[in-house]
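So the structure is just underneath, and the comments pick up after that.
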Amino acid sequence: NLYQFGKMINHMVGKSPIFSYGDYGCYCGWGGKGTPVDATDRCCFVHDCCYGRANGCDPKLSTYSYNFQNGNIVCGNKYGCLRHICECDRVAAICFGENVNTYDKKFLSSSRCRQTSEQC
């Protein structure tokens with residue numbers, strides 16, 4: 001769920017998930033359209049696509065099992081929708097961590113996202 005995703009982001013990046021990623025670029029936050037503005041926004045685009053492939057549960061509300069081991073995020077559910085959304089969140093949190101050096105506050109609340117959305 002979104003709370004768990006936020007905990008993963010905070011663990012991997014050390015930033016507030018709401019203030020740093022809740023309204024960033026074209027895809028971080030609610031909705032999404034246009035072309036991702038940078039690598040961080042691309043992480044959100046891929047995450048949105050991953051959520052779109054979830055079948056059988058609500059990615060934003062369903063609670064899955066995970067933990068942190070040696071700095072890594074480990075999903076606990078072995079299969080199914082809960083495993084899928086945990087992996088979506090895990091991969092996105094890692095992606096944010098890998099791209100933290102290109103994160104740019106100028107893309108907070110971006111108004112440039114008016115084009116047609118990319119395909120997943």
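Cβ coordinates come from backbone N, Cα and C, glycine included.
What Swiss-Prot records for this protein:
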- Cys26-Cys113: disulfide bond (DISULFID)
- Tyr27, Gly29, Gly31, Asp48: Ca(2+) binding site (BINDING)
- Cys28-Cys44: disulfide bond (DISULFID)
- Cys43-Cys95: disulfide bond (DISULFID)
- His47: active site (ACT_SITE)
- Cys49-Cys120: disulfide bond (DISULFID)
- Cys50-Cys88: disulfide bond (DISULFID)
- Cys57-Cys81: disulfide bond (DISULFID)
- Cys75-Cys86: disulfide bond (DISULFID)
- Asp89: active site (ACT_SITE)
Proximal residue to Cys120 (disulfide bond) among recorded positions Tyr27, Asp89, Cys95 (C-alpha distance): Tyr27
Cα-to-Cα gap, Cys49 (disulfide bond) vs Tyr27 (Ca(2+) binding site), nearest whole Å: 10
Rounded inter-Cα distance in Å - Gly31 (Ca(2+) binding site), Cys88 (disulfide bond): 16
Beyond the site residues Tyr27, Gly29, Gly31, Asp48: chain residues whose C-beta lies within 8 Å of the centroid, for Ca(2+): Cys26, Cys28, Trp30, Gly32, Cys44, Phe45
Distance check against Cys43 (disulfide bond) for the recorded positions Tyr27, Cys28, Gly29, Cys75, Cys86, Cys113, keeping those with Cα within 10 Å: Tyr27, Cys28
Candidates Cys44, Cys49, Cys81: member of the disulfide-bonded residues with the richest Cβ shell (10 Å): Cys44
Position of peak Cβ density within 10 Å, selected from the recorded positions Asp48, Asp89: Asp89
